[in-house]
Amino acid sequence: MTLSAPITQDVHTIPRKVPAGPVNLVGLTRDQMRDAFVTAGTPEKQARMRVNQVWQWIYHWGVRDFTLMTNLAKDYRALLAGAFAVDLPEIVSKQVSSDGTRKYLVRIQGGHEVETVYIPEEDRGTLCVSSQVGCTLTCSFCHTGTQRLVRNLTAGEIVGQVMLVRDDLGEWPVPGAPKDETRLLSNIVLMGMGEPLYNFDAVRDAMKIAMDAEGLQLSRRRITLSTSGVVPEIARTATEIGCQLAVSFHATTDEVRDVLVPINKKWNIATLLDALREYPNLSNSERITFEYVMLDGVNDSDEDARRLVKLIEGIPAKINLIPFNEWPGAPYKRSSNNRIRAFADIIYKAGYASPIRTPRGEDIMAACGQLKSATERARKSRAQVAAEAGIAPPT
Ligand code: SAH
Ligand code: SF4
């Protein structure tokens, strides 16, 4: 018997295995998950069924541990655990307002942070979700607009915000328990940081997952996407997502809108309105929400209200009046309550619903246009306090 010589191999000839790490399943479409399962060794014929099973565990039951997916064979669970992860972004901190609003600071890959806000109301609970870190647009009244775009969120990071908050609310269904009709988290608004239509594919995939009948099961009527007016993507929003649409209108002349919402220089009011007119038909939705931030002396005159009514004539609409949330250094002031009421009255008399948005979570600065920046300021001041006290700043 001869001992075989030790095998030596030139390291350069060994194909280098890139440490890929497990693929995160959260955020994959059904088709993407199917392909991933096949690549990992699932027989083609079984792949569709395995997707259905895993999908229900993750999105219906909120289960993220493969070993608990008991309708799968043990060795298949092991195969999945070796190749995949079910990862969500991480909650860094949570603040609860005296009115029940919860503001979460959420850390995504790369250490970036976004905010997600949960707003409980009598008949619903709305989650305000972010789609980008920062924003490329520079609306002059919005604090997010002063922050540069860091990156787009992935679909997993967008739907992950919904799943995190379901965790925090303890709202995943329990097998056998009676179905609770009123959900704590019943609605989603894409009104956090970022312009959702500049991150279209990820937003679409995330919302499709949120709407999937075998998972989170949020109806498309309970999802509202807010855009500053990215006209070329509006028709796609109708046909590919089919959710409700809100538009940050904010002005009744191009001159003023050019300043408040500078994307207006690219797609002006007339172009935007043409796209909006098509939306309800294309998406089979009832009406469009026009968001209108009330800025003292800038866009809040009776004449503005009358012009607004005229502009939107023929579009099924609701006008949501938002008292401006002031932030330090903001170049505008909030219109007085009387002015907002007078403005609302003109719109109401013209036959449109004109709710005035009640500011929520003000004590924790959870309002629009203040997300993240408030946390950054709070952190800075804690760091300053620590520095003054001569101790190491908090991490
Ligand atoms: N980028 C999208 C969605 C995020 S902003 C958009 O612009 O529509 C969500 C809403 O908050 C928009 O209507 C926006 O105009 C409004 N908003 C931003 N900053 C605000 C502020 N400081 N006060 C009141 N509303 C604000
Ligand atoms: Fe961006 Fe919307 Fe803020 Fe404009 S209002 S800067 S689009 S987040």
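Glycine is treated like the rest: Cβ placed from N, Cα and C.
TrEMBL names GLY194, GLU195, SER248, PHE249, HIS250, ASN325 for binding S-adenosyl-L-methionine. Of SER219, SER226, SER336, the residue it gives for the same site is SER226. Closeness to ligand 2 is met by none of the recorded positions GLU115, SER226, PHE249, HIS250, ASN325, no Cβ falling under 6 Å from the molecule. On its own chain, SER226 (S-adenosyl-L-methionine binding site) has VAL189, LEU190, MET191, PRO196, ALA246, VAL247, SER248, THR289, GLU291 as residues at least 6 apart in sequence with a Cβ closer than 8 Å to its own Cβ. A gap of 23 Å separates the Cα atoms of HIS250 (S-adenosyl-L-methionine binding site) and GLU115 (active site, proton acceptor). For the recorded positions GLU115, CYS135, CYS139, CYS142, a Cα-Cα cutoff of 10 angstroms around GLU195 (S-adenosyl-L-methionine binding site) retains CYS135.
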